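This report refers to the structure that appears directly beneath it.
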Ligand SMILES: C[S@@+](CC[C@H](N)C(=O)[O-])C[C@H]1O[C@@H](n2cnc3c(N)ncnc32)[C@H](O)[C@@H]1O
């Protein structure tokens, strides 16, 4: 870093000369991380969409290498994931409520707190880089404030801070876990209700949400195999899936886009939990004919591509339906090249164009809060509100009712969510079966889904299954399987 004075030399007055003004130095990594955090904060942008173009631009300018890109990504994702903890620490170091501190100042402080408490960056480097960033983006006055706060934060490590700022577990367990594991309290509460059990399990789950998930590939049935993918990525860069015979796990830094089968659409990126849902539905026993399958909420097409391949292997056809036309186009892209018959349509699953009783197997992978995929969207937990669930409730029930109407007697429906929240999972299925809310009860029986996920441990008492990041290494996917009885 060069010390270029930008102010004239002090006059010889006999007084101590003023410290020469040095122009602030723009560190491209911290500056980019700050820009990304501002976009997430100000424009409600998604970090995983904002970062790639910023990184591309920085690389094109030539002042960024791969290590810089990795550090910038870590700083953005780490700061967003741990924001709840860092906010509590920062709040303890400033003399006014955080809502009275300007958001850009809070972003610089959180970024600095992450470097100090969540990375191995040496303290002096973390403080000076953050103060320098503050000089560039906030100005001299506020850089002094940043300096003072970060120096306070640097006095102790994360464990000591957490001990100081989190309420004791015995006084308020949920509030304690919310600060320690950086989740909003209502999410801690909802996840704990769904998971059950004691302290160890919920702590493991919350920590798993703070880990970067592995990238998992799917070999689309009939078009590729896990062995082909493993050969393509090489022994050092890939591992077989834990549970799905179609899965390959990529080592850190593995580039899915570099694999021919992915480029050709014969394979894709898909969490193993989603793969298991599609496989379990495809293998659930139906009575009699097994020719017409429906995916009623198909966009962007991950499960539909698997179902289409599995259907093709049995001489069945898939209708993939999706309400949003632009997402229906993504489904078309995912299914192109499928070896068997399929059709993609844009249609509202609550007012479907198909006749009742038309299908032998139906998947309804309904829109939901996404609380099961917090590992993937670092900002999502801070955006979601408990009230959002009320918005999804009627749609989820309506889609499940239509799924049960679309299937013939003896056929099977899979109701899936990427959320473990009970209000989106078991409660929806129970309400629909029992006809709560002024509807007719539906004549359908539960199918035990657990034997359809062979080898997967810790699936609870059934008949539905809930996967968990800390137990299965997957997103927290939920699956209920139902057979129409009349
Ligand atoms: C959880 S996503 C489905 C993910 C998909 N099964 C996959 O594996 O790629 C839910 C989808 O339902 C769509 N959707 C929302 N409301 C719908 C409706 N009324 N009818 C049909 N699809 C709907 C959303 O646009 C979204 O694409």
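Glycine too: its Cβ is placed from the backbone N, Cα and C atoms.
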Check your understanding: Which candidate from 322, 332, 379 does TrEMBL annotate alongside 297, 298, 299, 300, 301, 302, 303, 348, 365 at the S-adenosyl-L-methionine binding site?
Key -> 322
**Study point:** Whole-number mean of pLDDT values that fall within the domain 'SAM-dependent MTase RsmB/NOP-type' (191-485)
**Key:** 97
Check your understanding: In Å, how large is the greatest distance between any two Cα atoms among 297, 298, 299, 300, 301, 302, 303, 322, 348, 365, the listed binders of S-adenosyl-L-methionine?
Key -> 19
**Study point:** In the chain carrying residue 301 (S-adenosyl-L-methionine binding site), residues 6 or more apart in sequence that have Cβ under 8 angstroms from it
**Key:** 320, 330, 331, 332, 333, 334, 335
Check your understanding: Secondary structure at residue 303 (S-adenosyl-L-methionine binding site) (DSSP, helix/strand/coil)?
Key -> helix
Revision key, fill the gap. Fewest neighbouring Cβ atoms within 10 Å among the recorded positions 297, 418 goes to 297
Check your understanding: In Å, rounded, how far does the Cα of residue 303 (S-adenosyl-L-methionine binding site) sit from the Cα of residue 418 (active site, nucleophile)?
Key -> 12
